[in-house]
Every structure is written in C-alpha cells, then in structure tokens.
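Each remark here refers to the structure printed beneath this line.
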C-alpha cells in the first residue's frame with residue numbers, strides 16, 4: 001500500500017496541478033503551501049485535497065479534460081493559472097456533439113456497409129450449410145467493443161492524463177497493449193467458436209466435427225487479423241487526436257467501430273468461405289490454421305509481461321471479456337433463429353446497424369465517464385465523483401453535469417443518425433424490407449429504447465466499478481457493448497415479428 005507522498009506524486013504525474021500552481025477559488029490568487037500549514041507544520045494532506053478539489057472544479061466548470069502534461073512542460077511556478085482564460089478543451093453540449101457527430105456518422109456508415117455484406121453473404125453456401133456462423137457474427141463483431149473499444153478507451157485515458165508524453169512511455173504502452181490485444185483476440189475467438197458450436201448443438205441435437213473445426217479456424221483467424229489491423233488504426237487515431245487538440249474519448253471508440261464491423265464481417269465471410277471449400281478434401285487445413293494462431297499465444301504473452309500495467313490487465317480482465325462474448329453469442333442465437341426463417345430474412349441488414357450504433361454511443365459515454373473519474377483520483381477511492389448508490393434517470397439525463405450533457409447529446413443523435421442510415425440502406429436497395437412509416441416507427445422505438453437503457457446502465461456500471469476498485473476502461477465497455485448486441489438484436493427481432501403478426505405486408509418484412 002503506497003504512502004501519502006507517493007500518492008501525491010502519482011496524481012501529479014497523471015495530470016494534477018502542482019502545489020505551487022494552486023489558485024484559491026475565493027481569492028483568485030496563488031496559494032502558497034504555507035497557507036495550509038497547521039500548528040504542527042504538517043499540511044501535506046490538506047495540499048493533496050485542495051489539489052483534487054481545484055482540479056475537480058476546473059474540470060466541471062471549464063473542461064472535462066485538462067491536458068495532464070501541461071503542468072510538467074514548464075518549471076515556471078510564477079505563471080498565473082487563473083481560470084479566467086477559456087480552456088481550449090472546454091466542452092459544451094455543442095462542442096461534444098460536434099466532435100462526436102463525424103465519427104458517429106462514419107461508424108454508422110461502417111455498420112451499414114457491414115449490414116449490406118451480411119445481407120449478401122447470408123445466401124452463400126457456407127452460411128446456408130453451417131448456420132452456426134450466424135451465432136459467431138455478433139460475438140466477433142462485438143470484439144470491437146470487448147477489445148478494440150477497450151483498447152481505445154484505455155489509451156485515450158492514458159493520453160489525456162499524460163502517460164504517453166515521452167517516447168519511452170509511448171512505445172512501452174503501445175507494444176504492451178498490442179500484445180495484450182492479440183492474446184485476448186485469439187482466446188476470445190477460440191471461445192466464441194466453442195460457444196457457437198454449443199449454442200447450435202443444444203437446440204438441434206446435431207454435432208458435426210467438420211463444422212466445429214471450421215468454426216474454430218474461421219473465428220480465431222478472423223479475430224486475430226481484425227484486432228491486429230484495428231489496433232494499429234486506433235493507435236494512429238489517438239496520436240492524431242492529441243496533436244489536433246481533440247478529445248480522443250470522443251472520436252477513438254466510434255472510429256474503432258466504423259471499420260470494425262465491416263472488416264470483421266468481411267474477414268469472417270472470406271475466411272470461412274475459403275476454408276469451407278477445403279473442408280472435406282483437405283480437412284487438415286482447418287486444423288492447422290487453428291493450431292497456428294493458438295501456437296503464437298506464448299509470444300504475445302511474453303511481450304505483454306514486460307509491461308506491468310498490461311500484465312495486470314491480462315491477468316484480471318478475462319471475466320468481462322468472456323462474459324461479454326457469451327452475452328453476444330446469445331444475441332447471435334437470436335439472429336440465427338430469426339434470419340433462418342425466410343419470413344424474417346430482411347432483419348440481417350439492420351442487425352449490425354442497430355447494434356453498432358448503440359454500442360458506439362454507449363462506448364463513448366463510458367469512456368468519457370471513466371476519464372472523468374480518473375482525473376479525480378484512483379479506482380476505489382471514495383469521492384463525490386464516484387457515488388455508490390444507483391443513479392436516478394433524472395441525474396443521468398437531466399442534470400447540469402458534463403456527463404449528463406454528453407448523455408443527452410448522444411441520445412439525441414439516435415433518431416437523425418438512424419434516419420440517415422435507413423435512407424442509405426433503402427437507396428442502395430439493401431435488405432428485403434421496404435421502409436414504410438409503421439416499420440420506421442417500430443425500428444426507431446427499438447433503437448431509442450436500446451440506447452436509453454444502455455446510457456443509464458453505463459452511468460451506473462462505470463461508477464459502481466470505480467467504487468469496487470475496478471478500472472472502468474478495462475471492465476465496463478465489454479459488458480455494455482455485449483448488452484447492446486443482445487438488447488438490439490432482441491428488440492429488432494421482436495419488432496419484425498410484431499410487424500409480421502399485425503400484417504404490415506407493405507413493408508415486405510417476409511420477402
């Protein structure tokens with residue numbers, strides 16, 4: 001357990017304002033350390049508390065994200081850091097919306113493209129004969145939430161609190177996190193294939209060893225290659241965001257999703273189709289592909305062990321990743337049972353869209369709240385920034401707090417965003433569904449309800465994990481995006497079935 005001086009040095013390294021730069025909120029002038037000295041001359045504890053209080057006030061009133069490295073870039077203690085000048089990173093509802101809008105639309109069009117791909121490949125022989133591949137779709141697409149978005153959130157927080165300012169820290173953080181990502185991707189891809197086999201076998205009572213090996217090889221290869229590509233893109237996005245003065249929390253996770261769905265689904269389709277052709281004549285090819293990626297695991301584990309932070313995550317973060325994979329697989333089972341019915345084939349094109357939009361928005365909110373809490377202290381510390389009680393819906397969506405403002409902004413993006421995406425799908429003649437008024441009403445209701453539930457759960461879950469001494473960057477986003485897949489798929493399937501039952505033949509949901 002660290003001492004008080006060590007904690008003070010840690011917070012200063014993470015972006016806290018040094019003692020010499022403290023400004024009294026009442027007098028508007030510099031506060032000398034001697035002002036906090038008591039009769040016994042010991043004022044260290046008071047200095048630490050004032051530092052946090054000042055940082056909290058600046059964060060709420062002027063900016064969510066202070067550049068943690070600014071206080072270390074200069075040794076001039078005479079500079080007056082009064083809050084009179086507006087912070088360049090001040091975030092209003094408009095600035096939040098403006099920064100989120102472009103990545104959100106980019107991510108949305110990525111999910112639209114993924115939906116178009118799924119609408120096409122569902123008619124391929126491999127998807128017709130190995131229908132368990134549909135169970136893999138939400139689980140593997142959810143990797144962007146379980147792994148890539150978690151990586152983006154973790155690196156965004158590290159960048160915002162000044163842990164990537166020096167080249168040595170930067171490369172140490174990058175190599176460790178990339179190795180961690182590849183380990184997680186390989187293991188989760190393997191477990192997702194097992195879940196797909198089990199969930200496909202239980203309802204039908206039919207097991208095929210050939211199909212099981214095909215699912216394993218396709219899943220592991222897809223997860224590994226997709227994570228490698230997307231992880232490198234995430235690093236570039238975060239570096240570029242910092243250089244442009246943009247909050248990485250607002251752009252990194254949506255951009256991770258913009259290419260994540262499309263790249264992952266395209267890889268899954270191409271790899272599974274190629275392996276399916278050699279399934280009977282060259283069965284060993286599938287087994288060798290699976291064994292090759294599993295054999296590389298010790299290398300990535302060795303690299304991850306060199307960084308104590310990534311090694312700690314590697315040892316402790318399996319629970320949310322595995323549980324999130326299982327939750328997404330349940331959503332995949334719903335998708336498999338729905339699109340396998342010719343009456344609901346049109347659902348395939350909309351599933352990645354509604355799941356992707358919900359996951360993207362809640363990931364942005366979770367990443368922002370996590371950064372907000374990291375700037376107030378360390379996980380497990382009791383503070384007003386991390387209440388233990390379950391929040392009320394009013395505090396989540398209607399308060400003047402910066403996180404409540406961002407929740408409102410993200411919620412208001414749902415309807416216009418989905419209208420744009422639905423129009424794009426209709427213009428490209430995707431799917432088997434004609435967009436009628438009643439279909440749009442049901443679809444929008446499902447989308448709004450999904451995001452409303454996710455944003456509320458995010459507000460509770462991130463604070464709850466923080467109070468339990470768990471880093472939300474590593475634990476919250478996998479659960480939230482997996483719940484987004486399950487809720488989105490379930491509500492969309494329910495909407496299609498209701499439309500079919502009430503006889504909305506104009507929308508051709510069963511064409």
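Any Cβ shown, glycine's included, is placed from N, Cα and C.
According to TrEMBL, the feature transmembrane segment maps to residues 283-303, out of the candidate ranges 283-303, 346-366, 367-387. Listed ranges 81-99, 100-118; the one TrEMBL annotates as transmembrane segment is 100-118. Across the candidate stretches 178-202, 283-303, 437-457, the maximum count of CB pairs under 8 A to the transmembrane segment (315-335) is reached by 178-202. Below 8 A, the CB atoms of the transmembrane segment (283-303) and the transmembrane segment (130-147) form no more than two pairs separated by six or more positions in the chain, fewer than 3 in all. If you look at the transmembrane segment (208-239), the same-chain residues 6 or more away from its ends with a CB under 8 A from one of its CBs are 130, 132-133, 136, 140, 143-144, 147-148, 151-152, 155-156, 159, 174, 177-178, 181-182, 184-186, 188-190, 192-194, 196-197, 248, 251-252, 255-256, 259-260, 263-264, 267-268, 271-272, 275-276, 279-280, 283, 286-287, 289-290, 293-294.
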